Amino acid sequence: MAKVAMIGAGSWATALAQVLAQNNNSVLLWARRPELAQLINEGENKRYLPGVQLHPSLSADTDLEKVLHQAEAVVFGVPSHGFRELLQKSRPYIKSDAFIINVAKGLEESTLLRLSEVCASEFGEAVLSRYAVLSGPSHAEEVGLNIPTAVVAAAQEIRMAEYVQDLFMSQDFRVYTNPDLVGVELGGALKNIIALGTGIADGLGFGDNTKAAMMTRGLAEITRLGYSMGANLLTFAGLAGVGDLIVTCTSMHSRNRRCGIAIGQGKTIQEAVESVNMVVEGIRTTHVAWELAKNQGVEMPITEQTYQVLFHGLSPRDAVLNLMGRGKKNEVEELSLATYNIIQ
């Protein structure tokens with residue numbers, strides 16, 4: 001049994017805390033707001049994960065020092081834009097040998113850094129030997145109800161990925177390992193952009209053909225950027241790549257898809273975000289990915305058009321027309337290049 005601190009009290013943090021508690025770990029969850037901690041201590045996070053009766057051993061507190069005291073593992077389940085701040089606040093209370101696990105799917109907007117890089121910038125590069133990320137197709141609403149789910153734990157050190165695998169894995173929550181930290185982080189973050197775009201197509205009333213094209217070509221541009229940043233191309237064919245992309249682009253639970261639908265139906269960006277009533281990571285990630293693509297010299301047409309809709313007022317319908325009106329391409333040449341790069 002491990003003593004685990006869960007930093008965050010949203011739907012995903014609560015669902016994963018439930019998994020950990022059901023695995024007989026001692027889990028204390030940190031909530032920023034007292035009323036949220038009270039809901040969790042009463043047995044149900046009615047604000048973010050309604051309908052899920054929490055494990056009796058799971059409890060929450062607003063005292064960060066108390067939550068982190070002597071924790072063997074610290075799981076950060078907060079949105080990417082709050083990650084650095086909570087690292088800074090937590091650092092004085094985290095044991096020097098504690099394992100750090102991040103479960104957020106995003107990139108830091110102000111620096112364009114992956115979240116493992118953010119952690120290394122605050123704790124030093126040595127922290128990466130005990131750092132891992134958990135990602136994959138996994139909506140909190142289903143995980144909380146013990147619906148069978150498969151995810152991937154990635155870390156630079158395979159023993160760290162295996163530690164996370166042992167910590168979380170259960171009959172209903174299957175965990176694979178992957179040494180490609182870069183690819184798993186990017187897959188989890190970038191699929192939110194494609195989900196926004198697919199949602200916009202939904203909102204415009206386009207059909208399954210359009211959505212299939214968006215998802216397939218979206219995966220191609222995610223893979224191009226990932227490869228340029230040092231990721232293993234095969235990662236994007238796995239749970240953190242195509243797996244997460246499918247569920248985020250198609251599920252009624254997907255915040256990014258729902259936000260995109262609202263935009264496609266004519267709502268302003270602010271109105272669309274407010275209609276979701278939760279953090280929509282894909283909006284910030286679109287800005288970061290647009291900058292990264294420019295810096296890396298990588299073509300990302302869906303990201304480009306989504307960026308123009310979100311930040312420069314391009315109409316969603318014109319964005320789709322721009323994508324359909326691009327110059328001729330040869331798909332086989334792209335696939336051949338990817339295969340060649342894997343072999344090399």
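Glycine too: its Cβ is placed from the backbone N, Cα and C atoms.
Taken straight from Swiss-Prot:
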ACT_SITE  Lys191  active site, proton acceptor
BINDING   Ser11, Trp12, Arg32, Arg33, Lys105, Ala140, Arg255, Val279, Glu281  NADPH binding site
BINDING   Lys105, Gly136, Ser138, Lys191, Asp244, Ser254, Arg255, Asn256  sn-glycerol 3-phosphate binding site
Asn256 (sn-glycerol 3-phosphate binding site) versus recorded positions Ser11, Lys105, Lys191, Glu281 - nearest by Cα:
Glu281
Distance in Å spanning the most remote Cα pair of Ser11, Trp12, Arg32, Arg33, Lys105, Ala140, Arg255, Val279, Glu281, given for NADPH:
22
If you measure from the Cα of the residue listed as 'active site, proton acceptor', which of the binding-site residues Arg32, Asp244, Ser254, Arg255 is the nearest?
Asp244
What residue among the recorded positions Arg32, Lys105, Lys191, Arg255 has the most other CB atoms lying within 10 A of its CB?
Lys191
Among the binding-site residues listed here (Ser11, Arg32, Lys105, Arg255, Glu281), which has the Cα closest to the Cα of Asp244 (sn-glycerol 3-phosphate binding site)?
Lys105
Give me the Cα-Cα distance between Lys105 (NADPH binding site) and Ser138 (sn-glycerol 3-phosphate binding site), rounded to a whole Å.
11
Between Arg255 (NADPH binding site) and Gly136 (sn-glycerol 3-phosphate binding site): CA-CA distance (Å):
15
So what sits near Ser254 (sn-glycerol 3-phosphate binding site) in its own chain, CB-to-CB under 8 Å and at least six residues off in sequence?
His139, Ala195, Gly199, Val247, Thr248
Please find, for Lys105, Gly136, Ser138, Lys191, Asp244, Ser254, Arg255, Asn256 as listed binding sn-glycerol 3-phosphate, the greatest distance between any two Cα atoms, in Å.
15
For Ser138 (sn-glycerol 3-phosphate binding site), what residues in its own chain, 6 or more apart in sequence, show a Cβ-Cβ distance under 8 Å?
Thr149, Val151, Asp244, Val247
In DSSP terms, helix, strand or coil for Ser138 (sn-glycerol 3-phosphate binding site)?
coil
What is the Cβ neighbour count of Asn256 (sn-glycerol 3-phosphate binding site) at a 10 Å cut-off, with all protein chains included?
26
Three-state secondary structure of Ser254 (sn-glycerol 3-phosphate binding site) from DSSP?
coil
